[in-house]
Amino acid sequence: MSRYFVAGSHTDVGKTFVSCQLIRAERAAGRSATAFKPVLSGFDPDRAEASDAGQLLEALGEPVTSTRLDRISPLRFIAPLAPPSAARLEGVVLTRDRLLTLSNAWLSRTDADLNLLEGAGGVMSPIAEDATNLDLMTGLGLPVILVGGSYLGAISHTLTALEVLRTRSLTIAAVVVSQSADPEAPDFAETVELTRQHAGGVPIFAAPRNGHAAWASALTEALAARRRLRTSAA
C-alpha cells in the first residue's frame, strides 16, 4: 500500500488529469487504487460528472452519485474561487484542522495499492483560512507527486514549487509535466527536458494530453516497485 499527495505547481495544471491516468494505469495492471480530494471549488451540481470528483470516480469505474461524491470529495463549493473564499460565500469557515481531520480519517480507512490525496490549486494556494496546500501537505507528511505544466513560465513555477517542498523536508516521489492546452505553449519535449535538467535528480514524467498514457504505466510500476522494496525490507 502506498499513499501520495498530488500537488500542483500552479492552478489548473492538470492534477486531476494526472490522478485519473495513474488510477487507470494501476487498475489496468491488476492493482487497486483510490483517491480523495477533501475540498473542491467550482463545483456545478448539474454537471457533477465533469467535476474533479466526478472525473476521479469515472477513473475508478464508479458511478457519480451523491453518496460517492460525498465520500471522494466531502467539501464541495460552487464558486470557482480559492476554497476558503468559495466556502465563505456558503457560510462555511474552512480550517486546516478540518481538512487534516477529513484527510486522516480517509487515510485510516483506505487500503488500496495506490492511494492518491489531491490538493486544490498550487502548492502555495490557500486551501483553508489558515493554511496553504503546503501547510496541509506538511501536516499529512505524505510523499508528493508534483504536477507541473508546459505553458510559458511553467518551468519556473515547477522548480520553485520543488524548492518550496524541500524547505518542509517533504519527499518528492516524482514530477509529472502535464502538457498545457494552449496551442502557443513552448515545445513540450523541450519543456520536459529543461525541467529534468534543473530538477535536482527528481524522476520526471512527461504527460501529453492527447497521447498514449505510457508515462502513467511507467510511474505506477515505479511506485509498485518501491512498495515491494519496502515490504521486503520490513
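Each position is counted from 1, following the chain as shown.
Any Cβ shown, glycine's included, is placed from N, Cα and C.
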Candidate sharing the Mg(2+) site with ASP52, GLU118 (per Swiss-Prot), from THR16, THR95, THR158: THR16
By Cα-Cα distance, the member of recorded positions LYS37, SER41, GLU118 nearest GLY14 (ATP binding site): GLU118
Conformational class of GLY119 (ATP binding site) under the three-state DSSP mapping: strand
Alpha-carbon distance [GLN179 (ATP binding site); SER41 (substrate binding site)] in Å: 23
